[in-house]
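Student: Okay, so TrEMBL annotates it like this:
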type	residues	note
TRANSMEM	25-47	transmembrane segment
DOMAIN	40-249	domain 'G-protein coupled receptors family 1 profile'
TRANSMEM	59-77	transmembrane segment
TRANSMEM	97-119	transmembrane segment
TRANSMEM	131-154	transmembrane segment
TRANSMEM	196-224	transmembrane segment
TRANSMEM	236-259	transmembrane segment
TRANSMEM	271-289	transmembrane segment
Amino acid sequence: MKINQTVLEEFILVGFSVYPHAQTFLFVVFFCLYLPTLTGNLAIMGLTWVDRRLHTPMYLFLSALSFSETCYTLTIIPKMLADLLVKYRSISVIGCGLQMSSFLGLGGTNCFILTLMGYDRFLAICNPLRYPLLMTNMACGKLVVSAWVAGFFISVTETGMIFRGSFCHPNLVKHFFCHMRAVVRLSCLDSKFTEFIVTAISVSGLIGTFLLIILTYVFILSTVLRIPSAEGKQKAFSTCASHLTVVIIHFGFASIVYLKPEASGGDDTLIAIPYTVITPFLSPLIFTLRNKDMKNAFRKVLGKTNSLNK
C-alpha cells in the first residue's frame, strides 16, 4: 500500500535533468527541429487556404493533419524547451491533466486522419468514377470532425481514469511531459491495473488504425498492379508514396513507446523523442518535398510576393 497520500498540487517533471551537462545542447537541437516543424505545418495550411487548386479532399486532409500536428507539438515542446533553461520544472496537477488530455487526443486525431487519408487514396484509385460523389469537401469536413471527436473521446476517457483518484509522494514525473504511464504510476490507487487499461486502449487504437491503413493499401496495390501502363502505375504509386512514408514513420516510432514491455528497460524520456519531436519534423517535409502541387503553389505565392515587392 502506498503511503504519503497527501493532496498534491503540482508535479515535478524530471525530464532531461538527469543529463545536466547536455541541456543547453538539447535546447538548441530541439529548437532547431521545432522551428521548421511549425513553419512547415503553417506553410501547408496557408498554401491550401490561398490556392484554389488545392481545395480538394486530398489536400484538405493534409491541411487538417498539419493543424492537428501543430497543436500536438504546441502541447509539449514549448514547455519542454522552457524547462531545459530552468532548474525548477513544475506543472500543476490540473495543467498536467490538460496537457495529457490534449496530447493523447491530438495523437489519436493524427492516427485517425492518417487513416482517412488512406481511405481517400483507396477511393481515388480503386473507385475513380464514384470518387467525386463519395469524397466531397463536405464529406471530408465531416470525417475530419469525426476524427477529432473520436481522438478526444478516447483521451478524455484515459485521462479521467488516471486522474480519478489522488496521487502519492514523491511527485516526480520521470518524463519531460505528463506522459500517461509516468503519471499513472504516482496514483495512490491500483496503478498497475489502471496503467494496463489505459495502455491497452492506446495500443488498440494504434494497432486498429494501422491495420485499417494496411488493408486499404492491400486493395490499392491489387488495383495498381492491374493497370496496364507503367506510367499509370507510377502515377498511382506517387500519389500514395508520401502518405505511406509518414504512416511508417508515425506508427513505427509510436509503437516503440506503446508496445515496449515494461521490463525491457531503457530511458522513456529518450525513447519518446522520436514520436514527439522527430516525427512532427519529418511529416511536413515529406508531404511538401515529394508533392508537385505543393511546390507549384509555393512558387506561385513567391512569384506574387516578388511582384508586389517590385
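Cβ coordinates come from backbone N, Cα and C, glycine included.
How about a rundown of where these features are and what they're close to?
Tutor: Sequence-remote contacts of a segment are chain residues at least 6 beyond its ends whose Cβ falls under 8 Å from one of its Cβ atoms, and for the transmembrane segment (97-119) they are 58, 61-62, 64-65, 68-69, 71-72, 75-76, 79, 91, 143-144, 146-148, 150-152, 154-156, 158-159, 162-163, 177-180, 183, 202, 205-206, 209-210, 212-213, 216-217, 243, 246-247, 250-251, 254.
Long-range contacts of the transmembrane segment (131-154) within the same chain, counting only residues at least 6 positions beyond its ends with a Cβ under 8 Å from a Cβ of the stretch, are 55-57, 60-61, 64, 68, 101, 104-113, 116, 120, 123-124, 201-202, 205.
Residues of the same chain lying 6 or more positions beyond the ends of the transmembrane segment (236-259) and with a Cβ under 8 Å from any Cβ of it are 58, 107, 110-111, 114, 117-118, 121, 124-125, 199, 202-203, 206, 209-210, 213, 217, 220, 223-224, 227, 268, 271-272, 274-275, 278-279, 282-283, 286-287, 290-291.
For the transmembrane segment (271-289), the residues of the chain that approach it from at least six positions outside its boundaries are 30, 33-34, 36-37, 40-41, 43-44, 62, 65-66, 69, 72-73, 76-77, 175-177, 179, 242, 245-246, 249-250, 253-254, 256-257, 260, 295, 298, judged by C-beta separation under 8 angstroms.
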Student: Are there residues at least six beyond either end of the transmembrane segment (25-47) with Cβ under 8 Å to its Cβ atoms? List them, or say none.
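Tutor: Sequence-remote neighbours of the transmembrane segment (25-47) are 16, 19, 54, 62-63, 66-67, 69-70, 73, 77, 80-81, 84-85, 277-278, 280-281, 283-285, 287-288, 294, 297-298, 301.
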Student: Under an 8 Å Cβ to Cβ limit, what residues of the same chain, 6 or more beyond the ends of the transmembrane segment (59-77), are close to it?
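Tutor: Distal contacts: 30, 34, 37-38, 40-42, 44-45, 48-49, 99, 102-103, 106-107, 109-110, 113-114, 116-117, 120, 137, 140-141, 144, 147-148, 176-177, 276-277, 280, 283-284, 287, 293.
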